[in-house]
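Undergrad: Residues annotated as domain 'PUM-HD' in Swiss-Prot: 1-324. Per Swiss-Prot, repeat 'Pumilio 1' is recorded for 79-114. If you look up Swiss-Prot, you'll see 115-149 marked as repeat 'Pumilio 2'. The repeat 'Pumilio 3' annotation in Swiss-Prot covers 150-185. Annotation comment: Swiss-Prot describes 186-222 as repeat 'Pumilio 4'. Feature annotation from Swiss-Prot assigns repeat 'Pumilio 5' to 223-260. Residues annotated as repeat 'Pumilio 6' in Swiss-Prot: 261-295.
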Amino acid sequence: MAVSDNTFSMSTMFNALPNPTETSGYIPPSGFAPRASATPLHAALFNLMTDGDGVSYFKEMISKSDKTELQRMASLLTSDSDYFMSIVTTKFGSRRVQKLLGKSDDVDAFFCAAILRRFLHITTDKYASYVTIRAMVVFDKVMKKALYERILYHALDLACDQHGCIALNDIITDADDPYYRDQLLELVVSNALRLSNDASGNFVVQHVLTLYDSRCIHNIAVNLYGQCIELSFKKYGSYIVEKLLEVEESMVVVVVELLGCDGDRLMRLARNEFGNFVVVKALRFTKEMRMDLFWGLVQKLMPFIHLLRRSHGNNIANILDTFRLRC
């Protein structure tokens, strides 16, 4: 049903909405079928929120709505969890719900309750996750605290989800509460190895490293010590090790592990499609910051220079050629 064909005028729709006080405490049981969504009123609102051609109509309706009307609209949108999910999991539904967030504390209270009821499902959805992200920016401190607690509880689930990891990264970046920000960072740090080996979780570790928090970087390096070489053989793990090499304190931890392994393993790493980038970066940054470690790597790699040629390690062989006469 196109918005232009909607038989419900703005005043008719809002007049038909229930009083907010009648629905604010309603929490449907798990798996509850959204029977209300079959009513003409719910169908009209669903169409308003999700129709790709209804952008201007939605903007007009919101601009002309007063606080009470917006509150009633929020009440109807969140009166049933399944109905709410059916809206926020669509591209336009998510965007329009985000537009409603921050209008007033009363409106936000309805959306906060709805997000908390289906927190994990919402925050791991491709589109709905942006509702949580937006909520963490515009909600008041009390509502943010409730969401922070839920985020901490589900943080690892979010980190290991393809959409949840993006949401978690944004939430960490925008976190304006020092206590909860530190709690989230500590959770990532303490689970660095597990997350580094996860297809989605490694992006969270990478993100925390790009915040350049010296304490976090050091602690991640310490927690990954002994596993850096193994991670370097993997596509995403190698990205994490490369980032650790960019800061001197964590770089030392990685290079000490490289120097401590047997030469054959270091050679295999240097020939690896992902590991060669780690070795090149180790040579580059040790040369800039720690010449003693740089020469240690050169001497350890030099006996294998002939094996590095015509492989992924050819770029390393070229670097070694420059210093061959000095060894």
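For all residues, glycine too, the Cβ spot is worked out from N, Cα and C.
Show me how these features fit into the shown structure, please.
TA: Confidence in the domain 'PUM-HD' (1-324), given as mean pLDDT, stands at 89.
Counted with DSSP, the repeat 'Pumilio 2' (115-149) comes out as 27 helix, 0 strand, 8 coil.
Long-range contacts of the repeat 'Pumilio 3' (150-185) within the same chain: residues 116, 119-120, 123-126, 129-130, 132-133, 136-137, 141, 144, 191, 194-195, 198-201, 203-204, 207-208, 211, 213, 216, each at least 6 residues beyond the stretch ends and with a Cβ under 8 Å from a Cβ of the stretch.
Sequence-remote contacts of a segment are chain residues at least 6 beyond its ends whose Cβ falls under 8 Å from one of its Cβ atoms, and for the repeat 'Pumilio 4' (186-222) they are 152, 155-156, 159-162, 164-166, 168-169, 172-173, 231, 234, 236-237, 239-240, 243-244, 247, 249-250, 253-254.
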